[in-house]
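Step one of this worksheet: look at the structure below.
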Amino acid sequence: MLSSNARTRQLNGTCASSVDMELFLHYSLIPSLFIILVLSLLQRREHHRQRDDASYLLGNRFRMIIPLDFVGTFRNRWSYGVAFGATANKVMFLFSEGYQPLQVPQWAQAFVLLIGGIEVGLSHFPFFACLSSEFRLVSSILGFSYSLIWFAVTILHITQCPHGQFVGKYETVMFYWPSLLCLAFLLGRFLYMFVKSLRVHLGWELQMEEKPFLEVHQAEHVKQLLRKCPLQEREKSWFQNRIYEWDPYFQFPSRMIGTTVLAFICLYLFIVIEFCMFVYVRDELDVFEGELENYVASMNQTGTLTPVLLKVKELINVTKGVWVVTILPASLTCVSYLFHILACYRKQMKRLWAGDKHFLPLKFHNPSSSESVVAIARYSGWQIAYILWGYLIIHVMQSLCGLVIMYSLVLPVIHSQALEMLRGLGIGILTISIVLGLMVLQVWIAASFFLQPKMGTADKQKPLALNNRRAFHNFNYFLFFYNVLLGLGACLSRLLISCILGTWLIARIDRTILQSGCERADMGFSAWIGMLYVDHYHTNPVLVSFCHILITGHRERRLQQAIKYWYLNQSAGPRTSVRSRTRWLLLQTLINNPGLVTLRKSRPGHGSQDFTQILLTCSES
């Protein structure tokens with residue numbers, strides 16, 4: 001009798017869905033290009049020139065649209081992050097190199113993957129374009145319609161074949177529920193945008209201001225720097241002291257939020273795919289174990305290969321158990337890396353804003369501008385790939401450590417060999433302790449007999465000046481031969497520690513695992529540094545505030561000149577001086593805002609005191 005899970009796999013093996021998601025991806029380019037064309041026609045070019053080609057017929061219409069600003073976008077960050085999350089299934093399809101729309105030779109696979117990436121980007125371009133478009137009413141309708149199409153097709157695909165051949169029940173749901181959740185969020189977001197823009201269009205609400213050049217948190221950061229007396233800090237909680245402290249004057253850009261959200265979903269999908277592969281391999285190993293048991297039973301456990309076969313069977317069972325147990329710590333390690341990378345981004349950006357580059361290698365103090373620009377395009381994709389591959393490598397390393405623990409500590413106890421295990425463990429610990437003790441003894445002898453006394457009572461250590469030179473040279477001579485053997489163990493320990501740290505930190509793109517002087521060979525770390533420099537040069541609050549002051553002053557001067565020349569160019573009617581108009585506007589402002597009257601600065605000899613008193617009397621009456 002087959003189990004219910006096995007029957008589900010057999011039934012779903014013959015399940016044929018009427019929706020081919022790969023084919024739908026191709027056809028989704030049609031509405032995607034239509035939405036891109038509509039939004040592009042709504043855009044107006046700032047500098048329109050008369051041209052002789054056909055583009056002159058469009059007037060100042062048709063302007064290139066952008067999905068989102070990868071450098072300076074701080075609004076709708078989570079909406080963009082969820083839009084990135086909706087692409088997770090297709091990103092994982094590209095990551096597995098399973099998407100090959102063209103049959104080409106092996107050497108041209110890179111071009112096929114590039115074409116596949118462009119197609120996936122085009123199919124999901126309307127999500128981002130509709131979120132960032134200035135024409136809220138039209139973009140909300142288009143975005144809602146396009147999201148609804150993707151949501152309906154995904155639901156149809158899941159309902160027709162909800163189960164799978166590896167996990168069994170609800171395998172398809174396990175793969176697609178993150179994308180469904182993201183699409184449902186986008187539907188709600190576009191619906192909210194439609195209601196909001198419709199109320200503005202009908203005049204029930206005021207039009208929201210356009211994206212400001214200077215964000216609020218950037219202005220608050222500059223204000224904090226200019227304060228003579230910093231604000232008194234509140235008492236920090238345990239979470240703020242030990243884990244993370246929230247900074248109200250810092251915000252992560254949309255690129256970092258989107259990368260983190262997509263990395264979380266891709267990591268989940270990668271774990272699910274890995275578990276499916278584990279189930280498949282486990283079933284094959286179960287068949288192999290059955291054959292081993294049949295062979296051992298046929299030989300009545302007297303064959304020469306019986307002990308070896310039993311050892312192999314035990315190794316298979318231990319490996320399966322260790323692999324399942326280490327899924328959780330490996331996944332938690334990568335999840336903690338994602339949060340830690342965000343914390344490192346904030347800390348390093350603040351240090352760059354303060355002009356501190358000491359945490360960077362010397363070769364990265366003046367990076368190439370072109371490489372830094374390319375790093376912005378590389379970082380997000382490479383961060384996700386590093387997390388996925390890092391999870392797999394960390395999982396393998398932790399499984400090997402688990403096998404070592406099982407064979408050195410657990411299995412000897414199970415096989416009633418605890419005393420032998422404890423004896424071997426004690427001998428090993430004693431050997432290592434003696435070696436380390438001799439190393440510490442050398443340091444103590446050097447500090448006690450071969451260094452001159454401290455020059456002052458406040459010195460923390462003795463000066464680097466030799467004492468008892470004859471004894472020192474004899475000490476070096478006799479320890480020379482011993483240190484040759486000790487160096488072999490030190491070399492092996494260096495190799496072991498490098499392997500452990502290298503595999504443990506392979507997912508950390510913000511930290512290089514190469515030695516000093518070889519950091520440029522780490523392409524992921526180079527992309528991280530280049531991305532930091534681009535954000536530093538384009539989102540530095542002090543620089544942005546300075547540019548904001550210049551732009552605001554320039555606009556005010558142009559407005560004053562425009563008002564001045566407009567009055568000079570009037571051909572008929574009475575002329576009004578600029579000073580009289582300014583005084584009239586001042587009177588209007590003070591009448592509409594009586595609270596400002598008491599705050600006016602009075603100047604003797606200009607009648608401002610009488611004018612203020614009159615306004616106060618009028619306001620009281």
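Including glycine, each Cβ sits where the backbone N, Cα and C put it.
Remember, TrEMBL labels are computer predictions, not curated facts.
Residues of the same chain lying 6 or more positions beyond the ends of the transmembrane segment (24-42) and with a Cβ under 8 Å from any Cβ of it are 58, 61-65, 90, 101, 119-120, 122-126, 129-130, 133, 135, 138-139, 142-143, 145-146, 149-150, 153. Residues or ranges marked as transmembrane segment by TrEMBL: 24-42 (among others).
According to TrEMBL, the transmembrane segment annotation covers 78-95 (among others).
The transmembrane segment feature in TrEMBL is assigned to 107-130 (among others).
According to TrEMBL, the feature transmembrane segment maps to 137-156 (among others). Counting only same-chain residues 6+ beyond the ends of the transmembrane segment (137-156), those with a CB under 8 A from a CB of the stretch are 18-19, 21, 24, 28, 31-32, 35, 38-39, 42, 86, 126-127, 129-131, 176, 179-180, 183-184, 186-187, 190-191, 193-194, 197-198, 201.
According to TrEMBL, the transmembrane segment annotation covers 176-195 (among others).
For 261-281 (among others), the entry in TrEMBL reads transmembrane segment.
Through the fold, the transmembrane segment (321-343) approaches residues 244, 252, 256, 260, 263-264, 267, 271, 274-275, 278, 383, 387, 390-391, 394-395, 398-399, 402-403, 406, 504, 507-510 of its own chain, all at least 6 residues removed from its boundaries and within a Cβ separation under 8 Å. Among the features that TrEMBL reports, transmembrane segment is placed at 321-343 (among others).
A Cβ distance under 8 Å defines the sequence-distant neighbours of the transmembrane segment (386-407), meaning residues of its chain 6+ beyond its ends; these are 95, 263, 266-267, 270-271, 274, 318-319, 322-323, 325-327, 329-331, 333-334, 337-338, 500, 503-504, 506-509, 524. Residues or ranges marked as transmembrane segment by TrEMBL: 386-407 (among others).
Sequence annotations record features per position, and here TrEMBL assigns transmembrane segment to 427-451 (among others). Beyond the ends of the transmembrane segment (427-451), by six or more residues, the same chain brings 462-468, 471-472, 475, 479, 486, 489 to within a C-beta distance below 8 angstroms of the stretch.
As annotated by TrEMBL, transmembrane segment applies to 479-506 (among others). Same-chain neighbours of the transmembrane segment (479-506): 333, 386, 389-390, 393-394, 396-397, 435, 438-439, 442, 513, counting only residues six or more beyond its ends whose CB sits under 8 Å from a CB of the stretch.
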